[in-house]
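**Student:** Would you mind keeping the following structure in view while I ask a few things?
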Amino acid sequence: MSSITITVFILYFAILFVIGYLAYRRTSNVEDYILGGRQLGPFIGGISTGASDMSGWLLLGLPGAVYLSGLSEIWIGVGLAIGAYINWQYVGKRIRVYTQVANNSLTLPDFLENRFRDHSKSLRIVASVFILIFFAFYISSGLVGGAVLFETTFGISYKTALIVGSAVIIGYTMIGGFFAVAWTDFFQGLLMFLALITIPIVALFNLGNWKDAINTIGSISVEHLDVFAGTTALGIISLLAWGLGYFGQPHVIVRFMAMTTSKDITIGRSVYTIWNVAAILGAIFTGFFGIAYFVGDPLANPETVFIVFAQTLFNPWVTGLLLVAVLSAIMSTISSQLIIAASALSEDLYKGLFRKNASQRELMWVARLAVLAISIFATILALNPESSVLSLVGYAWAGFGAVFGPAILLSLFWKKTTKNGVLAGMIVGGVTVIVWSELTKAGIIPFYLYEIIPGFFGSLLAVIVVSLMKDTVSKEMVEEFEAVNLSEI
Amino acid sequence: MEYSLTLASVLTLLVPMPLLVVFSIISLLRQVMNDRKQNVQSESLNINPLLEKRDAS
């Protein structure tokens, strides 16, 4: 790694710490620490949601897949863009208002408990344990991804990369809480956006023009130019179905809850969509032009196409910035998941179960310690990247989508939804995802269908059937549901 | 030999995602127009008492 690149990295880390410190000064209570005091504006909200939602996959995985197989890999991008838009359009406003009307719920488990007047605490416990376990593995897997990347690309030792990366993320997340996460995500989202716009445009100029690029790619394999090459109907449906996952991702849903007003969500949706579509198309064309650019010297690891472009097309300062964008994509996702996992531990379990009357000061410190504890756990887990426990993360996107997606959608839009319905839906969704995936791996299900599809619809059905079995919706719950329709928050 | 993207590829690239951007830009413009309309209305509401005062005097 050149000294210039190292300088850019150090500057980047310094900016993150400054943001963390400014956020610390603005944080005075638990609502600030885990939900930014519901003061997120549309620009910070829109772009930071994009950065936290899109992990290293956007800059490494997607361009790598397109580089390897051509345009038939774009379906997942289409599914994600549509799913995210629908999520902002329908879930965003309603959950922002409903969480405030329902006893000012600060977390997703808190909302489910308040929405259904659940005195048994079962919804809170199931939801927060699920969040805690899956995010701990998600965070660990993100740390492994980042450390492996820096080890293979720059020759830094795996442990050094892991420990430095973890220390920086812990630093700004622990001191600054949600404000720090949202503002650093915004900054990181801008870097990702610029990087994903710049690389394909400069690559295209280097290739000559669009026609030259297409001719070179077509001469390698004409299938690279066809979105249907090597695909099946179920395969395309499976890729599009990734978009269903958005309705249940806690780190995305919480951004809606943190926006200042529901009007900000309308503007935030537009900001997010422009960012998201440009970033996904940028990632697709980075991989696509990579096919033509590296025709004489194919890449051993397709997932490094973005990095190799950054290193070959630009001067060291710009290269440093582009590589920082890769790190931004990884770090922004980890920090968002970290703050949600910490809130599950501190707000949902510690306060919700044991210390209902704890002071704000005590809760803030518990939340900070929760960030530290979860980070240390995830880092220790990441020290052994071969650990089979980490394979659990493969279920996380589909798992969250199936467990929380139908539960949230029906809680928001169907007044007859009951507590038992939601509980059944969460369990059916989670179990179906795991069982379906294992049965496919064992060859008992003879075709491939992404597990989120049976998981999501199984869960949806379970919520509806169990809710209809026994009418336990209280008058108070119906009145609250209707108050949300009239609210002008 | 000349190559080109298949029609399906062109449509997939140019329809779903760019369409979302168009929706978003329209939505942003509508929001701006609504805000402007509301501002004009609130300004005229503020002016009315002044006009009444002037007329009365």
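Placed from the backbone N, Cα and C atoms, the Cβ positions cover glycine too.
For reference, TrEMBL lists these features for the protein:
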TRANSMEM  A:6-24  transmembrane segment
TRANSMEM  A:66-86  transmembrane segment
TRANSMEM  A:125-150  transmembrane segment
TRANSMEM  A:162-183  transmembrane segment
TRANSMEM  A:190-207  transmembrane segment
TRANSMEM  A:227-249  transmembrane segment
TRANSMEM  A:270-296  transmembrane segment
TRANSMEM  A:316-342  transmembrane segment
TRANSMEM  A:363-383  transmembrane segment
TRANSMEM  A:395-414  transmembrane segment
TRANSMEM  A:421-439  transmembrane segment
TRANSMEM  A:445-468  transmembrane segment
**Student:** For the transmembrane segment (A:421-439), give me same-chain residues lying six or more residues beyond its boundaries with a C-beta closer than 8 angstroms to one of its C-beta atoms, as numbers and ranges.
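**Tutor:** For the transmembrane segment (A:421-439), the list is 112, 116, 122-123, 126-127, 130, 394-395, 398-399, 402-407, 410-411, 445, 449, 451-452, 454-456, 458-468.
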**Student:** When only pairs 6 or more apart in sequence are counted, do the transmembrane segment (A:66-86) and the transmembrane segment (A:190-207) reach 3 or more Cβ pairs under 8 Å?
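**Tutor:** Contact absent: fewer than 3 Cβ pairs fall under 8 Å.
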**Student:** When you scan the chain for residues with a C-beta under 8 Å from the transmembrane segment (A:190-207), skipping those not six or more beyond its ends, what do you find?
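**Tutor:** Tertiary neighbours of the transmembrane segment (A:190-207) are 47, 50-51, 54, 58-59, 213, 216, 275, 278-279, 282-283, 285-286, 288-290, 292-293, 306, 309-310, 313-314, 318, 321-322, 324-326, 328-329, 332.
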**Student:** Between the stretches A:6-24, A:125-150, A:316-342, A:363-383, A:445-468, which one has more Cβ pairs under 8 Å with the transmembrane segment (A:227-249) than any other?
**Tutor:** A:445-468
**Student:** Are the transmembrane segment (A:316-342) and the transmembrane segment (A:395-414) close, by which I mean at least 3 Cβ pairs under 8 Å that are 6+ residues apart in sequence?
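**Tutor:** Between the transmembrane segment (A:316-342) and the transmembrane segment (A:395-414), contact is absent.
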**Student:** Given the transmembrane segment (A:125-150), which of the listed stretches A:6-24, A:363-383, A:395-414, A:445-468 has the most Cβ pairs that are under 8 Å apart from it?
**Tutor:** A:363-383
